[in-house]
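Asker: The structure's right below; bear with me while I get my questions together.
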Amino acid sequence: MNKLIKKIMSLFILAGVTYALYQNFSLMPEYQGLNEGLSSYIIESGLNDTGSLNLITAVLYDYRAFDSLGESTVIFGAVSGIVLILSRKMLPVSSKGLSFIVKRTLGIMTPFIALFGLYVITHGHLTPGGGFQGGVILAAISIIFSIVYGSAFDYRRYSPQTKTALETGGAMIFLGLGLAGIILEGAFLHNLGFLTAETGTLISAGSIPYINIGVGFKVGAGLAIIFYSMIQKTFEEDF
Amino acid sequence: MDIKILFLILVPLGTAFLIPFIDLINAKLRRFFVLLGILLESYLIISIIINNYQSLKSGDFFLQYYLGGWQPPIGISLAMDALSLVFAVITALSLFLIVIYSIGYIGHHEGKYYVLYFLIAAASMGAILTADMFNIYVFIEMLTITSGALIGFKRSQEASAAAIKYLIYNVLAGLLFFLGVLLIYFNLGTLNMADISQHFASLESGIQLFITAIFLTAILIKMGVFPFLFWLPKSYDTAPSPVTAVLSGVLSKVYLYIFIRIFWTVIGFKTLEALNLNILLLDLALFSSFLGHLFALQSDNIKRLLGYSSIGHIGMITAVIMLNTEAGFYGGILHIISHMFMKAGLFVACGYLLQYTRSHAYRDFKGVGIRNRSVFVAFIALLLSMIGMPPLLGFASKWYVLMAFLEARSYFGAFIVIFGSLTAVIYYLRYIAKGFEEIKLTEDDLKEEIYSRPLLSVLYREKIVSFITYAYTAIIIGFGLGFRFFDLPLRMSIESVMNVERYIELVLGG
């Protein structure tokens, strides 16, 4: 009886919320074309201003680079929080890994995955991609290792200290390039002029590729740290 | 272009990034490094005040910084007017006191604690200084994630439950805020606050209402006003004392600043009036205040009680600001300042007093005052200030709030102020009386004491902890006697809230 009342109550509340949302959304006017505003300016002169062929990267790491610094700091904070709450004293050796065939195949594939990750990071200003996306691919390698070769494999090679150093190193690269902007160009996170080169080559677009590399290491190491603190266990929990 | 306001954000951010490195080198250096960071921050604030003292007096204080060298409508800019200066100063002072307190209080997992603490410091400074809509969302997200992790600091079951509840509510609020930012960009094609403010009135009233409603819901959840207050007491209760002091002393005030900034500068109070939202919001906030005091009356747990009383006070501040009169802002901002110091001081004192008790419950409060007599006296002084005793800061601010309500002929508001003070007398006196009750230990009690759950916290450096409590009490008494000191900053900040055209002109043209 009590459960039934609860269900009916929550049904009523849901219906009320749905009605309110419907009313609100129906107030919205019909689509009348996007107000272009800033975007038209960026489409016209983004390439000239930044030297980056990928305009999304131009917005992320030049026009609004401070937002990207904030976003990557959110990841940094999330990693610190998860490590604070979840980290335990020991890492269970879950298994010896999967079968021989899988191990060999992954052994051949892993360098190419890493290469693809690095490609996505370094070509952020030329093709779709960038530091955040490439970093996730690098973190996936660490997770694959843990599943295929057993959880201790990756942990022994790259200790949490190394990963933390990589993560904070990425953050410091971002911050340092911003401070270099103050010294060389007069504004925080200003694109560094002396690094520009011919548009379309790998080393061009000022400091954007270097920021991408910093963010890539930070995100990759951060996500790997999150994964390894989530699979740790306490002594009391059964294995 | 004043680079100091940029470094107000970068110094805590850099400190947070460097702490893991320091940990790898030598963990003992960490404490000095933390102190260095917070002292640098205080130096920046003081030098900003001293360098601009003349323009502060003449009333044309304004600093701004273009990030990446892009002019406002294109890039992000930081702007500091008198209102942001007042909030930045009090936030920095609170953060300074609480970090010294944490050095005495936190005994384990210090590295991660300070990282998260300095990220909160950077994010609150950023949210206060920025003049860009999306950037403010980024900083709100940073505040949510880091404070959510700190609420779960104790790793117990209750702490995790409270942290998850906090995160669900607040991430939802952040999502709504993000939706509002998206809609603004979709319709106006700009993200700069001043630019939005110029063109917001030209939108259709349906879309205006939708955007306003979304922002309102998001910020009311963050502040803990009536329909969305249920996450607040639980998270205040389970978090360790310095974190609770940050939550109520810094975070809720930053959200109040964002509330003022968005609804006066960006959306504009005229829009709220045209949409008939101001009366509704005033009554909602007053009802929230009433409920907060009522819940506090039945609460059996000192930290939860203080949380409910926070709801009461924040509702009152929101209501008095919603009057949109000069007197309302004068009382409201003065009460923001005084509530910031009183509540943070109370939580700080709680952390000291409750160190030997088994829980935060009323029955365990027995004899606390006899054991630590001098800190308990400071605690009582802070409680009296919450009630509104004459020589203390709480009296001055409550008096101006009451006067503002009477001037605007909002008698329900005036009733709530008096009602809050009277109920506060009842629920605080209970605890003061319990604190002076003598404990007669029987053998069973002792056995239970030894064999039951472990103590909540054993302090690490007791002297520092009690010193910070006295510092808060001294602030309350000192400024209570000299509350006229706040006259100039309050008038400046009222001027900058009311004069929106000047803000737009300075941000876009400066």
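Cβ coordinates are placed from backbone N, Cα and C, and glycine is handled just like the others.
As annotated by TrEMBL, domain 'NADH:quinone oxidoreductase/Mrp antiporter transmembrane' applies to B:132-421. The transmembrane segment annotation in TrEMBL covers B:6-25, B:32-54, B:74-101, B:113-130, B:136-154, B:166-186, B:206-232, B:244-267, B:279-298, B:375-396, B:408-429, B:464-486 (among others).
Relative to the rest of the structure, where do these features sit?
Answerer: Cβ atoms under 8 Å from those of the transmembrane segment (B:74-101) belong to residues 2, 5-6, 8-9, 34-35, 38, 41-42, 45, 48-49, 56, 59, 61-68, 117, 121, 124-125, 128-132, 135, 192, 242, 245-246, 249-250, 253-254, 257, 260-261, 333, 336-337, 340-341, 344, 348, 351, 464-465, 468, 471-472, 489-490, 492-493, 495-497, 503, 506-507 of the same chain, restricted to positions at least 6 beyond its ends.
Sequence-distant neighbours of the transmembrane segment (B:113-130) (same chain, 6+ residues past either end, Cβ-Cβ under 8 Å): 5, 8-10, 12-13, 15-16, 19-20, 30, 34, 37-38, 41, 76, 78-80, 84, 87-88, 91-92, 95, 99, 102, 106, 136, 138-140, 142-143, 146-147, 149-150, 153, 246, 250-251, 254, 257-258.
Within the chain carrying the transmembrane segment (B:136-154), a Cβ under 8 angstroms from the stretch's Cβ atoms is held by residues 109, 113, 116-117, 119-120, 122-124, 126-127, 130, 160, 162-164, 166-167, 170-171, 173-174, 177-178, 181, 222, 235, 238-240, 243, 246-247, 251, 254, 258, 261, all 6 or more beyond its ends.
Beyond the ends of the transmembrane segment (B:206-232), by six or more residues, the same chain brings 140, 165-166, 168-170, 172-174, 176-177, 179-180, 183-184, 187, 200, 252, 255-256, 258-259, 262-263, 267, 271-272, 275, 277, 281, 284-285, 287-288, 291-292, 307, 310-311, 314-315, 318 to within a C-beta distance below 8 angstroms of the stretch.
Residues 216, 220, 225-227, 229, 233, 272, 305, 308-316, 318-319, 322-323, 410, 412-413, 416, 419-420, 423-424, 426-427 of the same chain lie 6 or more positions beyond the ends of the transmembrane segment (B:279-298) yet place their CB under 8 Å from a CB of it.
Beyond its flanks by at least six residues, the transmembrane segment (B:464-486) meets 97-98, 100-101, 103-105, 334, 337-338, 341-342, 344-345, 348-349, 351-352, 372, 374-375, 378-379, 381-382, 385, 391-397 of its own chain at Cβ-Cβ distances under 8 Å.
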Asker: Near the transmembrane segment (B:6-25), which residues from the same chain, at least 6 beyond its ends, have a CB less than 8 A from one of its CBs?
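Answerer: Contacts with the transmembrane segment (B:6-25): 33-34, 36-37, 40-41, 44-45, 48, 65, 67, 78, 88, 92, 111, 114-116, 118-119, 121-122, 125-126, 129.
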